[in-house]
Every structure is written in C-alpha cells, then in structure tokens.
Amino acid sequence: MTPRKPPSARGAAVALLDQVIGQGRMLSDSSGVLRDLKGSQRAEALRLATDTLRGLERADRLLSRVVRKKPPLHVRNALRLGTVELCLGGDAHGVVSDLVSHISTNNRYRHLKGLVNAVLRQMAEGAGRPWNDLRIPRMPRWLREPLAQAWGNGSVSAMEAAHFKGAPLDVTAKSDSARVAEMLGGTLLPTGSIRLTDFGQVSAQPGFETGEWWVQDAAAAIPVRALNPSPGMRALDMCAAPGGKTLQLAAAGAEVTAIDTSERRMDRVRENLERTNLSAELVIENVLAFDKSGYDLVLLDAPCSATGTIRRHPDLPYAKDGSEFGELIALQAKMLNHAVSLLAPGGRLMFCTCSLLPDEGEVQIEELLERREDLQTEPTVFDNLGIEPEWLTEEGGLRLRPDYWSDLGGMDGFYMACVTQRT
Ligand SMILES: C[S@@+](CC[C@H](N)C(=O)[O-])C[C@H]1O[C@@H](n2cnc3c(N)ncnc32)[C@H](O)[C@@H]1O
C-alpha cells in the first residue's frame, strides 16, 4: 500500500474554505480538517484561509474576468486562494504547482487541473495586477443591508475598510499596563489596553507564561473597566468563557463567580486563571437556571451574532446568514431579565455584546427600560475611560465600532450599557 501523501497547508486551507462557504461552519470549528497537520502548517492553513476570506470579493471579481463557467466549489476555492496569494505577492511557482498538485490528487476534480494551472498562471502573469484598484470587499448583502439601515452607507464602508485591514493584537495587563507595554514593545491605548502590531506566536511573548497579561481586544476590555470593581465586591460573570472579563474582575480583587454552559470553553477559563494565578468560582450551568442572587456587580456578556469581530473572523459573513440571530436576540432579552433579578440592592449590571446590530444592543436596553420602569442606565460609568463622548448613545449606553480609532488600528464592534435600580 502506498503511504498517504501528507496534506499541504494550502490543501487544508482549501478544505477550510469549503467548510466555511459550503457548510456554514466557522474556522474555529476546524480541528477535523487540520488534524493531520503539524503546528506551523496549521497556523499557515488558517492564515491562508483567513486572507482568502478577507479578499474573497476581489478574487471573485478577478476570476470572473478569466473563468467563463464557475467550476465546483472546491476548485473555485483553490482558485480563490491561489489568486489572493498571488495578488498579495506569493511565490508564483510554489502557489501554482502546489494547488495544481492538490487538485490532481483528488479523483473528482483531477480533470480540472489544467484549468487551475491556466487560470493561476494568468493571475501570476498580470490578470491579478488590478488587485489594489478594486473596491474594498463588501460584506454579503444579508449583513450589509441591516447595518446600512442602522449606521448609513458611509459608516458601513468605513467598517468594511477596517475589516479588510484586519486586527492588531490587544492585551490586558494584570496590573501595571505601562510596564507590560514597555516589556512587549506595544502601544498603551487611551483606554489602558496594550496594542501590538508586529507580533509572533502569542505564547512565546515575554510575560505570557508568567501570566502578566492576556489577549483581549481593547473594546472587550471596556465593560469591566467601566464597572471599576473594588476589592471584595461580589461579582457574577454570567457568560464567562474564555474568561477575559473574569480575569479582569479577579485581578481587581473582586470575589468572582463565573458561569458558562460550555464545559469545553470553561476549561479555557480554568487554564487562564491558573496561568495568571487568579481565582474565581467556576460554575458550568445554563445561566437561566442559576438563582443565587445578591451580587454587587453582574456582567452579562451575552451570546450574540459576533458581528463586531469580523476584523478577526472574516469567515463569519460567509459561514452565517443571519437566520439564527432572532433566537439569540430573544435569549439576550431573557438573560437581561434574569440578570437584573440577581443584583444586590444598589448593585450594577453591565450588559454587553460584540455585535454591530442595534437589536442586540441599543434596542435590548431601550426595551428593558420600557419593561422595567424601576431601572435606569448609568452613562457616567463611561466617564474618564479614554473613549470619545460621541460614542455614548441616547439610551445611556456606549457604542463601539470597528471604524473607530482608525488611526490607531481600529477596535472590535461592541455595545455596552450599565443598568441600576432607580432609588
Ligand atoms: C460572548 S461569549 C463570552 C465571552 C467572555 N465573557 C469573555 O470575555 O471572554 C458568550 C458565552 O456565553 C456562553 N453561553 C451561551 N449560552 C449560555 C447560557 N444559557 N448560560 C451560560 N452561558 C451561556 C457561551 O458558551 C459563550 O462562552
């Protein structure tokens, strides 16, 4: 029996694209495809798939000029990947021969290897040259339309420019942000996060092993900064995994209970707590069934569309179609009602979602305030945090968007609001 040829990173990247575009599965759910690859090849396959998804619209536009009849998805994805790589300066010989050989090893598509060879050669020889003149890739219509309705076409174009640029790496320091910024050679942002633009493997950076910081987008770090926990406060992190906000609460000295339904994701919280030498009580449970109350601080970082994270997850617009968002919106409303019931008298609730859709942010809080006249928002919690006053919203929340801080490298899209009982 001839030994099976080990998969190449490019071949695996094409399979990842099939999974995202053909099966609606996110890249984070890629362990099956990457199983037979070495660590560095896995990272390479993920990088290639991510770059391709970011430039997909441009690749399709160039390919439509040279391919008359659309080939099957797997071959189209190989052409897309090759086109993006070539247009971004990849080595023509390596890209073309590797993808042709990948297609030749597949009985179903072998007859199309000549097409792959001819098209990618054309791309390498000049058909890919207009790349930089093509428009910034747009989000698919199912997402672009509701966002344009909410924020206007100009803002959506600015968000798309931020998505196309991708994201730097932001970290939160356990204690001394200025010292950690210096140690990592990063920039200290106005809100206290540290931004790295040129970084290698995260776990190889100084201070990672010793737990002096953790990865957390600058926008995601703001809800806990706004809550400003004091040592000894009882804090409930209702949807905690992988634990960025749990770590912030614990680092501030709060007594934290962290809940999540996912055992696998809770393992990440446990590892993060161990690495940073911080502690929290971990509860694996549906938060709607959790009925211990009396918390000074309740943080509800609710499950949502995650449309604020497209800079880092360009697969999202292709893996999703918005059909599950209605269920998420209903769940967020239920969780908000429940979260309020767990507060101690005088306690504060921080609701947040990494979403760009007002239905998962502003509208949730407006509707909560309509349902519960005894509640109010506390916009003053966002004072002196290094954010721009125009990011505050009418109902008393804070709206963050990927096109904000464009000169500093952007931020995730996020919504947050602090809710208290009226006195
Ligand atoms: C947006 S993520 C939380 C991110 C986290 N707060 C952080 O900062 O790292 C949402 C989390 O909610 C959890 N979740 C979803 N439904 C839940 C439920 N009914 N009860 C508890 N956790 C839930 C998911 O497993 C997921 O880990």
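Indices start at 1 and increase along the chain as displayed.
Every residue, even glycine, has its Cβ placed from backbone N, Cα and C.
Unlike curated entries, TrEMBL annotations are predicted automatically.
Annotation source TrEMBL lists domain 'SAM-dependent MTase RsmB/NOP-type' at 131-422.
In sequence order, Ala258, Asp260, Ser262, Arg265, Met266, Arg268, Val269 constitute the residues six or more apart from Ala241 (S-adenosyl-L-methionine binding site) in its chain with CB-CB distances below 8 Å. Taken from TrEMBL, the feature S-adenosyl-L-methionine binding site applies to Cys239, Ala240, Ala241, Pro242, Gly243, Gly244, Lys245, Asp260, Asp301.
The active site, nucleophile annotation in TrEMBL covers Cys354. Following the DSSP three-state reduction, the secondary structure of Cys354 (active site, nucleophile) is coil.
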Near-site residues: S-adenosyl-L-methionine, ref Cys239, Ala240, Ala241, Pro242, Gly243, Gly244, Lys245, Asp260, Asp301, CB cutoff 8 A to centroid: Asp237, Thr246, Ala258, Arg265, Val269
DSSP-derived class (H/G/I helix, E/B strand, else coil) of Ala241 (S-adenosyl-L-methionine binding site): coil
Local confidence of the prediction over the domain 'SAM-dependent MTase RsmB/NOP-type' (131-422), expressed as mean pLDDT: 97
Cβ packing number for Lys245 (S-adenosyl-L-methionine binding site), 10 Å threshold: 25
Rounded distance in angstrom between the Cα atoms of Cys354 (active site, nucleophile) and Asp301 (S-adenosyl-L-methionine binding site): 8
Secondary structure of Asp301 (S-adenosyl-L-methionine binding site) (DSSP, helix/strand/coil): strand
Cβ atoms near Gly243 (S-adenosyl-L-methionine binding site) (within 10 Å, other residues, all chains): 28
